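**Student:** This is the structure I have questions about; it appears just below.
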(Lines of atoms letter the chains of each structure in order from A; the text may use other names.)
(Lines give C-alpha, C1' and ligand atoms only; values in the text may rest on other atoms or scores of the structure.)
Protein backbone atom coordinates (compact mmCIF):
# COMPACT_ATOMS: atom_id res chain seq x y z
CA UNK A 1 0.00 0.00 0.00
CA UNK A 2 2.87 2.39 0.77
CA UNK A 3 4.38 1.81 -2.66
CA UNK A 4 1.01 2.54 -4.35
CA UNK A 5 0.70 5.81 -2.47
CA UNK A 6 4.23 6.80 -3.45
CA UNK A 7 3.27 6.51 -7.12
CA UNK A 8 0.72 9.34 -6.71
CA UNK A 9 2.74 11.43 -4.27
CA UNK A 10 5.38 13.53 -5.99
CA UNK A 11 7.00 14.75 -2.75
CA UNK A 12 7.59 11.25 -1.46
CA UNK A 13 8.92 10.32 -4.90
CA UNK A 14 11.47 13.12 -4.79
CA UNK A 15 12.57 12.14 -1.29
CA UNK A 16 12.93 8.48 -2.19
CA UNK A 17 14.89 9.18 -5.42
CA UNK A 18 18.69 9.34 -5.07
CA UNK A 19 20.19 12.82 -5.17
CA UNK A 20 22.06 13.44 -8.47
CA UNK A 21 25.63 14.68 -8.41
CA UNK A 22 25.95 18.46 -8.86
CA UNK A 23 26.64 19.54 -12.42
CA UNK A 24 29.81 21.61 -12.76
CA UNK A 25 29.79 22.27 -16.51
CA UNK A 26 28.24 25.09 -18.51
CA UNK A 27 24.46 25.27 -17.99
CA UNK A 28 21.88 26.22 -20.64
CA UNK A 29 21.20 29.46 -18.79
CA UNK A 30 24.86 30.50 -19.01
CA UNK A 31 24.89 29.70 -22.73
CA UNK A 32 21.82 31.88 -23.34
CA UNK A 33 23.17 34.77 -21.27
CA UNK A 34 26.55 34.78 -23.07
CA UNK A 35 24.90 34.62 -26.50
CA UNK A 36 22.44 37.43 -25.62
CA UNK A 37 25.20 39.68 -24.30
CA UNK A 38 27.29 38.95 -27.38
CA UNK A 39 24.45 40.17 -29.56
CA UNK A 40 23.88 43.22 -27.35
CA UNK A 41 20.26 42.37 -26.53
CA UNK A 42 18.34 42.75 -23.32
CA UNK A 43 16.04 40.18 -21.73
CA UNK A 44 13.05 42.34 -22.66
CA UNK A 45 14.06 42.41 -26.33
CA UNK A 46 14.49 38.65 -26.40
CA UNK A 47 11.10 38.18 -24.71
CA UNK A 48 9.42 40.50 -27.23
CA UNK A 49 10.95 38.65 -30.18
CA UNK A 50 9.73 35.30 -28.85
CA UNK A 51 6.42 36.74 -27.56
CA UNK A 52 7.20 35.60 -24.06
CA UNK A 53 7.15 37.27 -20.71
CA UNK A 54 10.38 38.79 -19.46
CA UNK A 55 10.31 36.69 -16.30
CA UNK A 56 10.37 33.50 -18.40
CA UNK A 57 13.62 34.55 -20.09
CA UNK A 58 15.09 35.45 -16.70
CA UNK A 59 14.13 32.04 -15.23
CA UNK A 60 15.70 30.29 -18.22
CA UNK A 61 18.99 32.19 -17.86
CA UNK A 62 19.01 31.51 -14.10
CA UNK A 63 18.32 27.78 -14.69
CA UNK A 64 15.27 27.97 -12.41
CA UNK A 65 13.18 25.50 -14.39
CA UNK A 66 11.09 24.36 -11.44
CA UNK A 67 9.36 27.79 -11.39
CA UNK A 68 8.00 27.24 -14.89
CA UNK A 69 4.82 25.33 -15.72
CA UNK A 70 5.99 21.88 -16.88
CA UNK A 71 9.00 20.12 -18.48
CA UNK A 72 7.24 20.14 -21.83
CA UNK A 73 7.08 23.94 -21.84
CA UNK A 74 10.69 24.12 -20.65
CA UNK A 75 11.86 22.09 -23.65
CA UNK A 76 9.94 24.41 -25.95
CA UNK A 77 11.56 27.44 -24.35
CA UNK A 78 15.00 25.83 -24.77
CA UNK A 79 14.41 25.30 -28.50
CA UNK A 80 13.06 28.84 -29.01
CA UNK A 81 15.96 30.51 -27.19
CA UNK A 82 18.51 28.33 -29.01
CA UNK A 83 17.17 29.42 -32.39
CA UNK A 84 16.78 33.08 -31.43
CA UNK A 85 20.31 33.40 -29.96
CA UNK A 86 22.09 31.02 -32.41
CA UNK A 87 23.10 28.53 -29.70
CA UNK A 88 23.78 24.87 -30.49
CA UNK A 89 20.54 23.08 -29.55
CA UNK A 90 22.28 19.72 -28.98
CA UNK A 91 24.66 21.23 -26.42
CA UNK A 92 21.78 22.94 -24.64
CA UNK A 93 19.74 19.71 -24.24
CA UNK A 94 22.84 17.74 -23.25
CA UNK A 95 23.58 20.18 -20.44
CA UNK A 96 19.89 20.20 -19.46
CA UNK A 97 19.89 16.40 -19.21
CA UNK A 98 23.09 16.31 -17.16
CA UNK A 99 21.51 18.70 -14.68
CA UNK A 100 18.85 16.04 -14.02
CA UNK A 101 15.91 17.73 -15.71
CA UNK A 102 15.85 15.75 -18.94
CA UNK A 103 14.41 12.44 -17.63
CA UNK A 104 11.11 11.73 -15.92
CA UNK A 105 10.43 8.64 -13.83
CA UNK A 106 8.68 5.99 -15.97
CA UNK A 107 6.27 5.11 -13.15
CA UNK A 108 5.13 8.72 -12.93
CA UNK A 109 4.50 8.87 -16.67
CA UNK A 110 2.56 5.63 -16.60
CA UNK A 111 0.36 6.64 -13.68
CA UNK A 112 -0.33 10.06 -15.15
CA UNK A 113 -1.34 8.59 -18.48
CA UNK A 114 -3.49 5.98 -16.70
CA UNK A 115 -5.26 8.62 -14.60
CA UNK A 116 -5.86 10.79 -17.66
CA UNK A 117 -7.30 7.82 -19.51
CA UNK A 118 -9.66 7.07 -16.62
CA UNK A 119 -10.83 10.68 -16.49
CA UNK A 120 -11.38 10.69 -20.25
CA UNK A 121 -13.34 7.44 -20.10
CA UNK A 122 -15.47 8.76 -17.25
CA UNK A 123 -16.29 11.90 -19.19
CA UNK A 124 -17.12 9.85 -22.28
CA UNK A 125 -19.44 7.64 -20.24
CA UNK A 126 -21.30 10.67 -18.93
CA UNK A 127 -21.73 12.08 -22.41
CA UNK A 128 -22.99 8.74 -23.69
CA UNK A 129 -25.47 8.47 -20.81
CA UNK A 130 -26.84 11.95 -21.51
CA UNK A 131 -27.11 11.12 -25.22
CA UNK A 132 -29.02 7.91 -24.48
CA UNK A 133 -31.42 9.77 -22.19
CA UNK A 134 -32.14 12.40 -24.85
CA UNK A 135 -32.74 9.72 -27.50
CA UNK A 136 -35.06 7.79 -25.15
CA UNK A 137 -37.09 10.94 -24.39
CA UNK A 138 -37.45 11.75 -28.09
CA UNK A 139 -38.60 8.20 -28.88
CA UNK A 140 -41.10 8.23 -26.00
CA UNK A 141 -42.56 11.56 -27.15
CA UNK A 142 -42.90 10.23 -30.71
CA UNK A 143 -44.70 7.10 -29.47
CA UNK A 144 -47.10 9.14 -27.32
CA UNK A 145 -47.85 11.51 -30.19
CA UNK A 146 -48.51 8.60 -32.59
CA UNK A 147 -50.78 6.88 -30.05
CA UNK A 148 -52.87 10.02 -29.46
CA UNK A 149 -53.13 10.72 -33.20
CA UNK A 150 -54.27 7.16 -33.97
CA UNK A 151 -56.85 7.21 -31.18
CA UNK A 152 -58.25 10.53 -32.41
CA UNK A 153 -58.53 9.18 -35.96
CA UNK A 154 -60.29 6.00 -34.79
CA UNK A 155 -62.70 8.00 -32.66
CA UNK A 156 -63.76 10.25 -35.55
CA UNK A 157 -64.02 7.27 -37.92
CA UNK A 158 -66.22 5.40 -35.46
CA UNK A 159 -68.25 8.56 -34.93
CA UNK A 160 -68.93 8.94 -38.66
CA UNK A 161 -69.82 5.26 -38.99
CA UNK A 162 -72.02 5.14 -35.92
CA UNK A 163 -73.85 8.34 -36.94
CA UNK A 164 -75.24 6.53 -39.98
CA UNK A 165 -76.14 3.50 -37.87
CA UNK A 166 -77.72 5.75 -35.25
CA UNK A 167 -79.98 7.44 -37.78
CA UNK A 168 -81.09 4.10 -39.23
CA UNK A 169 -81.78 2.76 -35.74
CA UNK A 170 -83.81 5.85 -34.91
CA UNK A 171 -85.90 5.39 -38.06
CA UNK A 172 -86.52 1.72 -37.30
CA UNK A 173 -87.41 2.54 -33.71
CA UNK A 174 -89.81 5.30 -34.71
CA UNK A 175 -91.71 3.01 -37.10
CA UNK A 176 -92.89 0.60 -34.31
CA UNK A 177 -93.92 3.62 -32.23
CA UNK A 178 -96.02 4.93 -35.09
CA UNK A 179 -97.55 1.49 -35.61
CA UNK A 180 -98.49 1.22 -31.94
CA UNK A 181 -100.08 4.67 -32.05
CA UNK A 182 -102.10 3.67 -35.12
CA UNK A 183 -103.21 0.47 -33.41
CA UNK A 184 -104.37 2.44 -30.34
CA UNK A 185 -106.33 4.80 -32.57
CA UNK A 186 -107.93 1.88 -34.43
CA UNK A 187 -108.93 0.25 -31.13
CA UNK A 188 -110.48 3.49 -29.91
CA UNK A 189 -112.34 3.90 -33.18
CA UNK A 190 -113.63 0.32 -33.12
CA UNK A 191 -114.95 0.82 -29.59
CA UNK A 192 -116.69 4.02 -30.71
CA UNK A 193 -118.45 2.42 -33.72
CA UNK A 194 -122.29 2.74 -33.47
CA UNK A 195 -124.04 -0.49 -32.60
CA UNK A 196 -127.61 0.91 -32.87
CA UNK A 197 -127.44 1.00 -36.66
CA UNK A 198 -126.85 -2.72 -36.80
CA UNK A 199 -129.64 -3.44 -34.24
CA UNK A 200 -132.02 -1.24 -36.18
CA UNK A 201 -131.30 -3.22 -39.31
CA UNK A 202 -131.89 -6.49 -37.49
CA UNK A 203 -135.17 -5.23 -36.02
CA UNK A 204 -136.29 -3.91 -39.39
CA UNK A 205 -135.74 -7.34 -40.90
CA UNK A 206 -138.41 -8.91 -38.55
CA UNK A 207 -141.23 -6.77 -40.07
CA UNK A 208 -143.29 -7.64 -43.09
CA UNK A 209 -141.68 -8.29 -46.42
CA UNK A 210 -142.83 -5.01 -47.84
CA UNK A 211 -141.53 -3.01 -44.89
CA UNK A 212 -138.24 -4.94 -44.92
CA UNK A 213 -137.72 -4.06 -48.56
CA UNK A 214 -138.43 -0.40 -47.91
CA UNK A 215 -136.21 -0.19 -44.82
CA UNK A 216 -133.45 -2.06 -46.62
CA UNK A 217 -133.60 0.45 -49.44
CA UNK A 218 -133.56 3.39 -47.09
CA UNK A 219 -130.88 2.02 -44.71
CA UNK A 220 -128.46 0.73 -47.31
CA UNK A 221 -126.75 4.11 -47.77
CA UNK A 222 -126.31 4.38 -44.03
CA UNK A 223 -124.52 1.03 -43.86
CA UNK A 224 -122.15 1.98 -46.62
CA UNK A 225 -121.46 5.25 -44.92
CA UNK A 226 -120.51 3.43 -41.76
CA UNK A 227 -118.25 1.07 -43.67
CA UNK A 228 -116.55 3.87 -45.53
CA UNK A 229 -116.33 6.26 -42.61
CA UNK A 230 -115.53 4.12 -39.61
CA UNK A 231 -113.12 6.71 -38.24
CA UNK A 232 -115.76 9.49 -38.03
CA UNK A 233 -117.87 9.68 -34.84
CA UNK A 234 -120.73 11.38 -36.74
CA UNK A 235 -122.37 8.01 -37.39
CA UNK A 236 -123.06 7.57 -33.67
CA UNK A 237 -125.18 10.73 -33.67
CA UNK A 238 -127.51 9.72 -36.54
CA UNK A 239 -130.99 9.05 -35.06
CA UNK A 240 -133.33 6.31 -36.29
CA UNK A 241 -136.84 7.64 -36.88
CA UNK A 242 -138.58 4.51 -35.58
CA UNK A 243 -140.86 3.85 -32.67
CA UNK A 244 -138.94 0.83 -31.48
CA UNK A 245 -138.11 0.97 -27.78
CA UNK A 246 -135.37 -1.60 -27.61
CA UNK A 247 -133.01 -0.14 -30.23
CA UNK A 248 -133.44 3.31 -28.74
CA UNK A 249 -132.30 2.20 -25.34
CA UNK A 250 -129.29 0.45 -26.80
CA UNK A 251 -128.39 3.49 -28.83
CA UNK A 252 -128.52 5.62 -25.72
CA UNK A 253 -126.09 3.34 -23.87
CA UNK A 254 -123.41 3.17 -26.55
CA UNK A 255 -122.49 6.87 -26.77
CA UNK A 256 -121.67 6.83 -23.07
CA UNK A 257 -119.03 4.16 -23.68
CA UNK A 258 -117.63 6.20 -26.54
CA UNK A 259 -117.38 9.27 -24.34
CA UNK A 260 -115.49 7.33 -21.66
CA UNK A 261 -112.95 5.91 -24.10
CA UNK A 262 -112.47 9.27 -25.77
CA UNK A 263 -111.52 10.81 -22.44
CA UNK A 264 -108.80 8.20 -21.80
CA UNK A 265 -106.84 8.93 -24.99
CA UNK A 266 -105.52 12.38 -23.93
CA UNK A 267 -104.43 10.93 -20.58
CA UNK A 268 -102.01 8.55 -22.33
CA UNK A 269 -100.46 11.37 -24.36
CA UNK A 270 -100.16 13.57 -21.28
CA UNK A 271 -98.28 10.81 -19.41
CA UNK A 272 -95.91 10.36 -22.35
CA UNK A 273 -95.29 14.13 -22.55
CA UNK A 274 -94.66 14.36 -18.80
CA UNK A 275 -91.75 11.90 -19.07
CA UNK A 276 -90.08 13.81 -21.93
CA UNK A 277 -87.42 16.52 -21.53
CA UNK A 278 -86.19 19.04 -24.08
CA UNK A 279 -82.54 19.67 -24.94
CA UNK A 280 -81.31 22.28 -27.42
CA UNK A 281 -77.71 22.32 -28.68
CA UNK A 282 -76.25 25.23 -30.67
CA UNK A 283 -72.78 24.96 -32.25
CA UNK A 284 -70.29 27.76 -32.91
CA UNK A 285 -67.68 25.39 -34.35
CA UNK A 286 -67.24 21.81 -35.58
CA UNK A 287 -67.71 19.40 -32.67
CA UNK A 288 -68.33 15.66 -32.29
CA UNK A 289 -71.18 14.84 -29.89
CA UNK A 290 -73.10 11.87 -28.56
CA UNK A 291 -76.40 12.08 -26.64
CA UNK A 292 -78.04 9.03 -24.99
CA UNK A 293 -81.41 9.28 -23.25
CA UNK A 294 -82.63 7.41 -20.18
CA UNK A 295 -83.76 4.39 -22.21
CA UNK A 296 -80.22 3.83 -23.55
CA UNK A 297 -81.06 5.08 -27.06
CA UNK A 298 -78.53 7.26 -28.90
CA UNK A 299 -80.75 10.16 -30.00
CA UNK A 300 -77.85 12.18 -31.49
CA UNK A 301 -74.31 11.28 -32.59
CA UNK A 302 -71.73 12.61 -35.05
CA UNK A 303 -69.85 15.77 -36.02
CA UNK A 304 -71.94 18.95 -36.08
CA UNK A 305 -70.80 22.02 -38.02
CA UNK A 306 -70.76 25.65 -36.91
CA UNK A 307 -74.11 27.42 -36.93
CA UNK A 308 -76.13 24.21 -36.53
CA UNK A 309 -79.02 24.22 -34.03
CA UNK A 310 -80.26 20.82 -32.86
CA UNK A 311 -83.40 20.47 -30.67
CA UNK A 312 -83.82 17.08 -28.97
CA UNK A 313 -86.49 15.44 -26.83
CA UNK A 314 -86.28 12.24 -24.85
CA UNK A 315 -86.61 10.58 -21.49
CA UNK A 316 -84.07 11.87 -18.92
CA UNK A 317 -81.40 11.51 -17.75
CA UNK A 318 -79.26 12.46 -20.79
CA UNK A 319 -75.67 11.15 -21.03
CA UNK A 320 -73.73 13.66 -23.16
CA UNK A 321 -70.20 13.46 -24.66
CA UNK A 322 -68.72 16.66 -26.16
CA UNK A 323 -65.39 16.61 -28.02
CA UNK A 324 -64.97 20.42 -27.82
CA UNK A 325 -67.27 21.95 -25.20
CA UNK A 326 -66.18 25.51 -26.00
CA UNK A 327 -68.09 25.31 -29.31
CA UNK A 328 -71.41 24.15 -27.76
CA UNK A 329 -74.24 25.99 -25.98
CA UNK A 330 -76.71 23.78 -24.08
CA UNK A 331 -80.27 24.66 -23.05
CA UNK A 332 -81.99 22.05 -20.88
CA UNK A 333 -85.74 22.47 -20.30
CA UNK A 334 -85.46 26.17 -21.14
CA UNK A 335 -82.49 26.82 -18.81
CA UNK A 336 -78.91 27.35 -20.11
CA UNK A 337 -76.17 24.95 -18.96
CA UNK A 338 -72.84 26.51 -17.90
CA UNK A 339 -69.88 24.90 -19.72
CA UNK A 340 -67.27 27.56 -18.91
CA UNK A 341 -65.66 25.43 -16.18
CA UNK A 342 -64.50 22.78 -18.65
CA UNK A 343 -61.06 22.96 -20.30
CA UNK A 344 -60.72 23.81 -23.98
CA UNK A 345 -59.89 21.13 -26.54
CA UNK A 346 -60.71 18.38 -24.01
CA UNK A 347 -63.58 15.92 -24.34
CA UNK A 348 -66.30 16.21 -21.68
CA UNK A 349 -68.73 13.60 -20.35
CA UNK A 350 -71.76 14.83 -18.38
CA UNK A 351 -75.22 13.72 -17.28
CA UNK A 352 -78.32 15.97 -17.25
CA UNK A 353 -81.15 14.66 -15.08
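Glycine too: its Cβ is placed from the backbone N, Cα and C atoms.
A TrEMBL annotation is a machine prediction, not a hand-curated record.
Since we're looking at a predicted model, the values are computed, not measured.
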**Student:** Which stretch does TrEMBL mark as transmembrane segment, out of 85-105, 106-126, 127-147?
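**Tutor:** That would be 127-147, per the transmembrane segment entry in TrEMBL.
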**Student:** Summarise the domain 'Cytoskeleton protein RodZ-like C-terminal' (281-350) by DSSP state, stating how many residues are helix, strand and coil.
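**Tutor:** Its residues fall into 3 helix, 38 strand, 29 coil.
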